[in-house]
Amino acid sequence: MATLLRSLALFKRNKDKPPITSGSGGAIRGIKHIIIVPIPGDSSITTRSRLLDRLVRLIGNPDVSGPKLTGALIGILSLFVESPGQLIQRITDDPDVSIRLLEVVQSDQSQSGLTFASRGTNMEDEADKYFSHDDPISSDQSRFGWFENKEISDIEVQDPEGFNMILGTILAQIWVLLAKAVTAPDTAADSELRRWIKYTQQRRVVGEFRLERKWLDVVRNRIAEDLSLRRFMVALILDIKRTPGNKPRIAEMICDIDTYIVEAGLASFILTIKFGIETMYPALGLHEFAGELSTLESLMNLYQQMGETAPYMVNLENSIQNKFSAGSYPLLWSYAMGVGVELENSMGGLNFGRSYFDPAYFRLGQEMVRRSAGKVSSTLASELGITAEDARLVSEIAMHTTEDKISRAVGPRQAQVSFLHGDQSENELPRLGGKEDRRVKQSRGEARESYRETGPSRASDARAAHLPTGTPLDIDTASESSQDPQDSRRSADALLRLQAMAGISEEQGSDTDTPIVYNDRNLLD
């Protein structure tokens with residue numbers, strides 16, 4: 001049996017182990033397409049700001065092709081470094097594309113104000129064609145979908161600080177799109193707006209340079225459909241993280257946005273570890289969880305073997321991502337979701353609509369949290385040096401806290417209900433007026449006589465015998481009553497019974513000194 005268990009553990013490790021790079025064959029390369037990336041050819045701030053302005057307009061042009069749009073985005077993403085060309089060449093290793101760098105300098109002879117650097121060759125016309133300044137219709141389209149503030153005509157500046165603020169504002173909006181461009185593009189707008197508000201409050205971005213929704217949709221769609229662009233963005237994030245010492249302000253902002261990008265699409269795996277294993281509830285000892293716990297252990301080892309690209313496996317379309325889906329450990333995932341819903345309010349909006357979701361183990365997780373509330377782990381208490389008296393105090397406080405939390409979360413919801421009091425007079429009852437009022441009083445008096453003589457079991461028959469059959473009860477229901485006499489009869493019967501009961505309560509209340517008054521507290525008790 002021991003040999004079988006060792007073989008099983010070895011099998012599980014090798015099953016999820018990534019293939020080892022070996023063999024005589026070379027790297028497999030696909031059919032590449034060329035991407036032209038414009039970069040500044042000098043260190044002038046005017047050149048960079050003008051290039052940024054032209055690229056933003058170019059991306060807003062709906063007629064731009066996909067590879068050209070990718071090149072423009074890569075050019076903007078690399079503008080914050082001192083040498084964009086060196087950065088692109090260093091971090092780019094894509095088997096699907098071939099990047100061509102074009103240095104851009106200022107020019108007074110072109111409509112775009114820029115030209116491609118060359119030795120003795122006039123490239124103004126080619127630059128105008130690239131930046132869509134060759135015809136007025138395309139120029140007008142390039143302005144569509146730009147900034148929300150229409151008073152901003154251009155973003156050309158000569159001040160390095162102002163350029164960094166404008167560039168950082170645009171880059172923040174682009175990088176935030178990567179967080180949900182692949183995993184949840186339909187619900188991305190709300191989270192992107194929250195990130196924008198956060199960075200606006202922190203003065204990291206300038207609110208006036210908020211880009212229009214259509215421009216952001218174009219960029220988000222391109223990020224979602226172009227793997228090469230996502231590879232470049234992930235490689236740039238990893239390169240920034242590996243940089244020692246202090247980083248530029250824009251680089252630090254990119255690292256901050258990375259906290260929303262990292263582990264995108266891996267929520268099931270991460271939350272199962274957080275709520276299913278790290279909470280260390282005794283339910284982990286169930287035999288049903290034994291196999292899935294072994295699977296999770298193998299996946300955690302595989303995650304570590306993948307290295308620094310593991311948190312980005314979904315954005316990088318790594319085929320190994322399917323092993324980390326919740327379908328590989330459905331029972332443990334369902335249990336962890338139940339634990340998470342009870343522990344964190346933010347888990348309440350999570351979508352559990354999966355075919356492998358097991359409600360029984362979900363409820364198991366909920367019950368484990370509820371019944372374990374206030375208990376102190378003996379192992380953890382011994383490690384922290386907590387005495388038995390302190391543990392009892394913590395348990396008592398935690399129990400009261402949990403009860404308060406439950407009462408606030410699922411407390412009784414009281415409706416707007418009015419109660420009939422024993423001391424309420426006839427004048428305070430709803431009046432119908434005229435003949436109807438007299439008929440109701442007469443019927444109610446006869447109902448009291450019938451109640452005294454025959455008891456409550458036969459009082460309803462006496463009330464039904466004196467029911468006015470042809471009189472509508474309310475002006476709002478008059479048309480309905482005239483169309484259906486039976487409905488009118490039933491409505492009148494119900495109202496008369498209610499008023500008769502009110503009269504009986506009045507008589508019973510007159511025999512006692514203190515009338516019974518009903519309120520919400522009596523009902524809850």
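The backbone N, Cα and C atoms fix where each Cβ goes, glycine too.
Taken from Swiss-Prot, the feature region 'Ncore' applies to 1-403. Annotation comment: Swiss-Prot describes 1-375 as region 'RNA packaging and organization of the helical nucleocapsid', evidence class similarity to another entry. Per Swiss-Prot, region 'Homomultimerization' is recorded for 1-36, 373-391, and the stated evidence type is similarity to another entry. Residues or ranges marked as motif 'Nuclear localization signal' in Swiss-Prot (evidence: similarity to another entry): 70-77. Taken from Swiss-Prot, the feature RNA binding site covers LYS180, ARG195, GLN202, TYR260, ASN351. The phosphothreonine annotation in Swiss-Prot covers THR279, and the record cites similarity to another entry as its basis. Here Swiss-Prot flags 404-525 as region 'Ntail', drawing on similarity to another entry. Residues or ranges marked as region 'Disordered' in Swiss-Prot: 418-525. As annotated by Swiss-Prot, motif 'Nuclear export signal' applies to 425-440, with the evidence given as similarity to another entry. According to Swiss-Prot, the compositional bias 'Basic and acidic residues' annotation covers 433-452. Annotation comment: Swiss-Prot describes 477-505 as region 'Interaction with the phosphoprotein'.
Positions of Swiss-Prot features highlighted on the structure.
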residue : record           : contacts (Cβ under 8 Å, 6+ apart)
LYS180  : RNA binding site : THR187, ALA188, SER191, GLU192, ALA264
ARG195  : RNA binding site : ALA172, VAL176, ALA179, ILE257, TYR260
GLN202  : RNA binding site : none
THR279  : phosphothreonine : VAL339, LEU343
ASN351  : RNA binding site : none
On the motif 'Nuclear export signal' (425-440), the mean of the pLDDT values is 44
Local Cβ density at TYR260 (RNA binding site) - other Cβ atoms counted within 10 Å:
17
